[in-house]
Amino acid sequence: MKMLARLVLGLIIFDAVVTAPTLDPINYDSETYEATLEDLDNLYNYENIPIGQAEIEVATVMPSGNRELLTPPPQPEEAEEEEEEESTPRLIDGSSPQEPEFTGVLGPHTNEDFPTCLLCTCISSTVYCDDHELDAIPPLPKNTAYFYSRFNRIKKINKNDFASLNDLRRIDLTSNLISEIDEDAFRKLPQLRELVLRDNKIRQLPELPNTLTFIDISNNRLGRKGIKQEAFKDMYDLHHLYLTDNNLDHIPLPLPENLQALHLQNNNIFEMHEDTFCNVKNLTYIRKALEDIRLDGNPINLSKTPQAYMCLPRLPIGSLV
(Lines of atoms letter the chains of each structure in order from A and count residues from 1; the text may use other names and numbers.)
(Lines give C-alpha, C1' and ligand atoms only; values in the text may rest on other atoms or scores of the structure.)
Protein backbone atom coordinates (compact mmCIF):
# COMPACT_ATOMS: atom_id res chain seq x y z
CA MET A 1 0.00 0.00 0.00
CA LYS A 2 2.79 2.41 0.83
CA MET A 3 4.43 1.85 -2.53
CA LEU A 4 1.12 2.49 -4.31
CA ALA A 5 0.55 5.76 -2.43
CA ARG A 6 4.05 7.03 -3.25
CA LEU A 7 3.57 6.18 -6.95
CA VAL A 8 0.27 8.09 -7.13
CA LEU A 9 1.82 11.17 -5.38
CA GLY A 10 4.78 11.21 -7.77
CA LEU A 11 2.48 11.12 -10.83
CA ILE A 12 0.51 14.10 -9.48
CA ILE A 13 3.68 16.20 -8.96
CA PHE A 14 5.08 15.33 -12.41
CA ASP A 15 1.78 16.27 -14.09
CA ALA A 16 1.82 19.67 -12.32
CA VAL A 17 5.35 20.45 -13.44
CA VAL A 18 4.66 19.56 -17.07
CA THR A 19 1.49 21.63 -17.31
CA ALA A 20 3.05 24.86 -15.71
CA PRO A 21 3.66 27.83 -18.18
CA THR A 22 7.29 28.59 -19.13
CA LEU A 23 8.86 32.01 -18.21
CA ASP A 24 10.93 33.96 -20.74
CA PRO A 25 14.13 35.62 -19.43
CA ILE A 26 13.81 39.35 -18.65
CA ASN A 27 16.11 41.69 -20.66
CA TYR A 28 16.96 45.05 -19.06
CA ASP A 29 18.90 46.36 -22.06
CA SER A 30 18.05 50.00 -22.89
CA GLU A 31 17.51 49.01 -26.53
CA THR A 32 14.24 47.29 -25.59
CA TYR A 33 12.75 50.67 -24.61
CA GLU A 34 11.24 52.80 -27.35
CA ALA A 35 11.64 56.12 -25.44
CA THR A 36 14.74 58.19 -26.29
CA LEU A 37 16.67 60.59 -24.00
CA GLU A 38 14.85 63.53 -25.60
CA ASP A 39 11.54 61.89 -24.74
CA LEU A 40 12.69 61.52 -21.14
CA ASP A 41 13.50 65.25 -20.99
CA ASN A 42 10.06 66.06 -22.30
CA LEU A 43 8.52 63.95 -19.56
CA TYR A 44 9.92 66.38 -16.94
CA ASN A 45 9.48 69.62 -18.92
CA TYR A 46 7.04 71.83 -17.02
CA GLU A 47 7.61 74.99 -19.05
CA ASN A 48 4.69 74.40 -21.45
CA ILE A 49 2.21 73.13 -18.86
CA PRO A 50 -0.76 75.51 -18.46
CA ILE A 51 -0.94 77.40 -15.19
CA GLY A 52 -4.08 75.62 -14.09
CA GLN A 53 -2.54 72.21 -14.58
CA ALA A 54 0.63 73.30 -12.83
CA GLU A 55 -1.34 74.29 -9.74
CA ILE A 56 -3.15 70.91 -9.77
CA GLU A 57 0.18 69.15 -10.16
CA VAL A 58 1.57 70.94 -7.14
CA ALA A 59 -1.58 70.33 -5.11
CA THR A 60 -1.29 66.59 -5.60
CA VAL A 61 2.01 66.49 -3.69
CA MET A 62 0.89 68.70 -0.80
CA PRO A 63 -0.34 67.11 2.44
CA SER A 64 -3.99 66.46 2.76
CA GLY A 65 -6.09 69.29 4.13
CA ASN A 66 -7.64 72.53 3.01
CA ARG A 67 -4.49 74.59 2.31
CA GLU A 68 -4.28 77.44 -0.15
CA LEU A 69 -1.32 77.82 -2.39
CA LEU A 70 0.33 81.11 -1.34
CA THR A 71 1.93 83.14 -4.08
CA PRO A 72 4.21 86.14 -3.32
CA PRO A 73 2.59 89.52 -3.97
CA PRO A 74 3.97 91.52 -6.89
CA GLN A 75 6.82 93.82 -5.86
CA PRO A 76 6.47 97.56 -6.48
CA GLU A 77 8.58 99.26 -9.10
CA GLU A 78 10.49 101.23 -6.43
CA ALA A 79 11.87 98.05 -4.88
CA GLU A 80 13.10 96.92 -8.28
CA GLU A 81 14.90 100.22 -8.74
CA GLU A 82 16.57 99.83 -5.32
CA GLU A 83 17.81 96.39 -6.28
CA GLU A 84 19.23 97.75 -9.50
CA GLU A 85 21.07 100.48 -7.59
CA GLU A 86 22.41 97.95 -5.12
CA SER A 87 23.86 95.93 -8.00
CA THR A 88 26.23 98.81 -8.82
CA PRO A 89 29.80 97.57 -8.19
CA ARG A 90 31.36 98.95 -5.02
CA LEU A 91 34.98 99.27 -3.87
CA ILE A 92 36.35 97.45 -0.84
CA ASP A 93 35.76 100.43 1.44
CA GLY A 94 32.14 100.73 0.26
CA SER A 95 32.61 103.69 -2.06
CA SER A 96 31.54 103.65 -5.68
CA PRO A 97 34.05 103.92 -8.53
CA GLN A 98 32.85 107.47 -9.22
CA GLU A 99 33.79 108.61 -5.72
CA PRO A 100 37.40 109.64 -4.81
CA GLU A 101 39.40 106.53 -3.99
CA PHE A 102 41.19 108.20 -1.05
CA THR A 103 39.31 110.75 1.01
CA GLY A 104 42.00 111.53 3.55
CA VAL A 105 41.90 108.23 5.43
CA LEU A 106 45.29 107.24 4.02
CA GLY A 107 46.74 110.71 4.32
CA PRO A 108 47.87 113.15 1.62
CA HIS A 109 49.49 111.92 -1.57
CA THR A 110 53.24 111.95 -2.08
CA ASN A 111 54.99 113.37 -5.14
CA GLU A 112 54.53 109.96 -6.77
CA ASP A 113 50.76 110.29 -6.18
CA PHE A 114 50.92 107.60 -3.50
CA PRO A 115 49.13 107.99 -0.13
CA THR A 116 51.56 108.57 2.74
CA CYS A 117 49.75 106.20 5.10
CA LEU A 118 49.92 103.44 2.51
CA LEU A 119 53.63 103.98 1.99
CA CYS A 120 54.33 104.41 5.71
CA THR A 121 52.44 103.20 8.78
CA CYS A 122 49.92 105.51 10.43
CA ILE A 123 48.62 104.62 13.88
CA SER A 124 46.32 107.26 15.31
CA SER A 125 48.41 110.47 15.23
CA THR A 126 51.78 108.70 14.79
CA VAL A 127 53.44 108.20 11.39
CA TYR A 128 56.24 105.63 10.97
CA CYS A 129 58.32 105.91 7.79
CA ASP A 130 61.43 104.09 9.00
CA ASP A 131 63.70 102.34 6.49
CA HIS A 132 61.74 103.10 3.30
CA GLU A 133 64.60 104.58 1.24
CA LEU A 134 62.90 107.98 1.25
CA ASP A 135 64.89 110.89 -0.19
CA ALA A 136 62.44 113.54 1.03
CA ILE A 137 59.93 113.99 3.83
CA PRO A 138 56.50 112.85 2.57
CA PRO A 139 53.38 115.00 3.03
CA LEU A 140 51.97 114.27 6.48
CA PRO A 141 48.35 114.18 7.71
CA LYS A 142 47.21 117.33 9.47
CA ASN A 143 46.76 115.54 12.81
CA THR A 144 50.31 114.10 12.93
CA ALA A 145 51.77 114.43 16.43
CA TYR A 146 54.70 111.98 16.25
CA PHE A 147 56.77 111.50 13.09
CA TYR A 148 59.50 108.87 12.68
CA SER A 149 61.54 108.66 9.48
CA ARG A 150 64.74 106.93 10.55
CA PHE A 151 67.24 105.08 8.34
CA ASN A 152 66.31 106.78 5.07
CA ARG A 153 68.15 108.91 2.50
CA ILE A 154 66.71 112.33 3.23
CA LYS A 155 69.23 115.08 2.40
CA LYS A 156 67.34 118.29 3.08
CA ILE A 157 64.54 119.58 5.31
CA ASN A 158 62.51 122.23 3.51
CA LYS A 159 60.50 124.99 5.16
CA ASN A 160 57.19 123.51 3.98
CA ASP A 161 57.86 119.91 5.05
CA PHE A 162 56.14 120.45 8.41
CA ALA A 163 54.01 123.48 7.53
CA SER A 164 50.60 123.75 9.28
CA LEU A 165 51.27 120.71 11.49
CA ASN A 166 50.15 122.44 14.66
CA ASP A 167 49.91 119.19 16.64
CA LEU A 168 53.40 117.91 15.85
CA ARG A 169 55.21 117.08 19.09
CA ARG A 170 58.11 114.80 18.12
CA ILE A 171 60.32 114.58 15.02
CA ASP A 172 62.86 111.76 14.72
CA LEU A 173 65.07 111.74 11.61
CA THR A 174 67.88 109.58 12.93
CA SER A 175 70.34 108.09 10.42
CA ASN A 176 69.62 110.02 7.25
CA LEU A 177 71.87 112.09 4.98
CA ILE A 178 70.63 115.51 6.12
CA SER A 179 73.14 118.27 5.44
CA GLU A 180 70.84 121.25 4.97
CA ILE A 181 67.89 122.53 7.01
CA ASP A 182 65.81 125.53 6.02
CA GLU A 183 65.79 128.35 8.57
CA ASP A 184 62.01 128.12 9.05
CA ALA A 185 61.74 124.33 9.03
CA PHE A 186 60.92 124.02 12.78
CA ARG A 187 60.42 127.58 14.02
CA LYS A 188 56.65 127.74 13.42
CA LEU A 189 55.72 124.45 15.13
CA PRO A 190 53.84 125.54 18.28
CA GLN A 191 53.69 122.11 19.95
CA LEU A 192 57.11 120.67 19.09
CA ARG A 193 58.68 119.08 22.19
CA GLU A 194 61.28 116.60 20.96
CA LEU A 195 63.72 116.93 18.07
CA VAL A 196 66.06 114.05 17.17
CA LEU A 197 68.49 114.57 14.29
CA ARG A 198 71.36 112.32 15.32
CA ASP A 199 73.59 110.48 12.82
CA ASN A 200 73.34 112.95 9.94
CA LYS A 201 75.63 115.48 8.23
CA ILE A 202 74.30 118.71 9.73
CA ARG A 203 76.75 121.63 9.87
CA GLN A 204 74.44 124.36 11.12
CA LEU A 205 71.24 124.39 13.17
CA PRO A 206 68.33 126.61 12.17
CA GLU A 207 66.28 128.62 14.63
CA LEU A 208 64.49 126.26 17.00
CA PRO A 209 61.19 126.77 18.82
CA ASN A 210 61.34 127.56 22.53
CA THR A 211 58.89 124.75 23.31
CA LEU A 212 61.54 122.02 23.02
CA THR A 213 62.21 119.78 26.01
CA PHE A 214 64.51 117.23 24.31
CA ILE A 215 67.18 117.84 21.65
CA ASP A 216 69.53 115.21 20.25
CA ILE A 217 71.84 116.29 17.42
CA SER A 218 74.66 113.87 18.19
CA ASN A 219 77.06 112.54 15.56
CA ASN A 220 76.82 115.41 13.10
CA ARG A 221 79.24 118.06 11.82
CA LEU A 222 78.41 121.04 14.01
CA GLY A 223 81.43 123.33 14.34
CA ARG A 224 82.24 126.80 15.67
CA LYS A 225 79.37 128.47 13.82
CA GLY A 226 77.05 125.49 13.86
CA ILE A 227 74.92 126.79 16.76
CA LYS A 228 73.62 130.36 16.93
CA GLN A 229 74.46 132.55 19.91
CA GLU A 230 72.09 132.10 22.83
CA ALA A 231 70.26 129.43 20.82
CA PHE A 232 68.96 127.69 23.97
CA LYS A 233 68.56 130.72 26.23
CA ASP A 234 64.75 130.95 26.17
CA MET A 235 64.04 127.24 26.18
CA TYR A 236 62.77 127.20 29.76
CA ASP A 237 61.48 123.63 29.51
CA LEU A 238 64.57 122.12 27.87
CA HIS A 239 65.67 119.13 30.01
CA HIS A 240 67.99 117.12 27.76
CA LEU A 241 70.57 118.49 25.33
CA TYR A 242 72.74 115.93 23.50
CA LEU A 243 75.49 117.28 21.21
CA THR A 244 78.03 114.44 21.33
CA ASP A 245 80.37 113.53 18.47
CA ASN A 246 80.48 116.90 16.71
CA ASN A 247 83.20 119.52 16.11
CA LEU A 248 82.15 122.06 18.76
CA ASP A 249 84.96 124.05 20.37
CA HIS A 250 82.84 125.67 23.11
CA ILE A 251 79.87 125.05 25.36
CA PRO A 252 76.79 126.84 23.98
CA LEU A 253 75.79 129.44 26.58
CA PRO A 254 73.67 130.42 28.34
CA LEU A 255 72.11 127.14 29.37
CA PRO A 256 68.44 126.94 30.45
CA GLU A 257 67.85 126.85 34.19
CA ASN A 258 65.85 123.62 34.08
CA LEU A 259 68.40 121.68 32.04
CA GLN A 260 69.03 118.24 33.55
CA ALA A 261 71.44 116.53 31.12
CA LEU A 262 74.17 118.05 28.93
CA HIS A 263 76.20 115.64 26.78
CA LEU A 264 79.17 117.13 24.92
CA GLN A 265 81.61 114.23 24.81
CA ASN A 266 83.88 113.67 21.81
CA ASN A 267 83.99 117.28 20.62
CA ASN A 268 86.86 119.78 20.42
CA ILE A 269 86.15 121.79 23.58
CA PHE A 270 89.39 122.96 25.21
CA GLU A 271 88.26 125.85 27.43
CA MET A 272 85.67 126.56 30.12
CA HIS A 273 84.85 129.71 32.09
CA GLU A 274 84.07 129.85 35.80
CA ASP A 275 80.57 131.12 35.10
CA THR A 276 79.75 128.43 32.56
CA PHE A 277 77.42 126.66 35.01
CA CYS A 278 77.53 128.82 38.15
CA ASN A 279 77.17 132.49 39.08
CA VAL A 280 80.48 133.74 40.43
CA LYS A 281 78.76 136.87 41.72
CA ASN A 282 76.35 134.88 43.85
CA LEU A 283 78.12 132.20 45.88
CA THR A 284 74.83 130.94 47.32
CA TYR A 285 73.44 130.08 43.90
CA ILE A 286 72.80 126.35 43.38
CA ARG A 287 71.83 124.71 40.08
CA LYS A 288 69.95 121.69 41.39
CA ALA A 289 68.55 120.37 38.11
CA LEU A 290 71.80 119.89 36.15
CA GLU A 291 72.99 116.50 37.40
CA ASP A 292 74.39 114.92 34.22
CA ILE A 293 77.28 116.66 32.43
CA ARG A 294 79.51 114.72 30.02
CA LEU A 295 82.71 116.32 28.77
CA ASP A 296 84.87 113.24 28.33
CA GLY A 297 86.63 112.93 24.99
CA ASN A 298 87.44 116.66 24.83
CA PRO A 299 90.92 118.30 25.09
CA ILE A 300 89.98 120.11 28.28
CA ASN A 301 91.41 119.87 31.78
CA LEU A 302 88.51 120.21 34.22
CA SER A 303 90.86 120.72 37.18
CA LYS A 304 91.80 124.20 35.92
CA THR A 305 88.35 125.69 36.63
CA PRO A 306 87.16 124.28 39.99
CA GLN A 307 84.91 127.30 40.64
CA ALA A 308 82.81 126.38 37.63
CA TYR A 309 81.33 123.35 39.42
CA MET A 310 80.70 124.72 42.93
CA CYS A 311 76.97 125.18 42.32
CA LEU A 312 76.40 121.75 40.78
CA PRO A 313 75.08 118.70 42.65
CA ARG A 314 77.62 116.51 40.79
CA LEU A 315 80.94 117.05 39.09
CA PRO A 316 81.12 116.77 35.28
CA ILE A 317 82.57 113.62 33.74
CA GLY A 318 85.84 114.34 31.97
CA SER A 319 89.60 114.59 32.27
CA LEU A 320 91.04 116.12 35.46
CA VAL A 321 94.65 116.00 34.30
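Any Cβ shown, glycine's included, is placed from N, Cα and C.
TrEMBL lists 77-86 with the feature compositional bias 'Acidic residues'.
Taken from TrEMBL, the feature domain 'LRRNT' covers 116-146. A Cβ distance under 8 Å defines the sequence-distant neighbours of the domain 'LRRNT' (116-146), meaning residues of its chain 6+ beyond its ends; these are 104-110, 152-158, 161-162, 164-165, 167-170, 191.
Taken from TrEMBL, the feature region 'Disordered' applies to 65-101.
Sequence annotations record features per position, and here TrEMBL assigns signal peptide to 1-19.
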Stretch-averaged pLDDT - the domain 'LRRNT' (116-146)
95
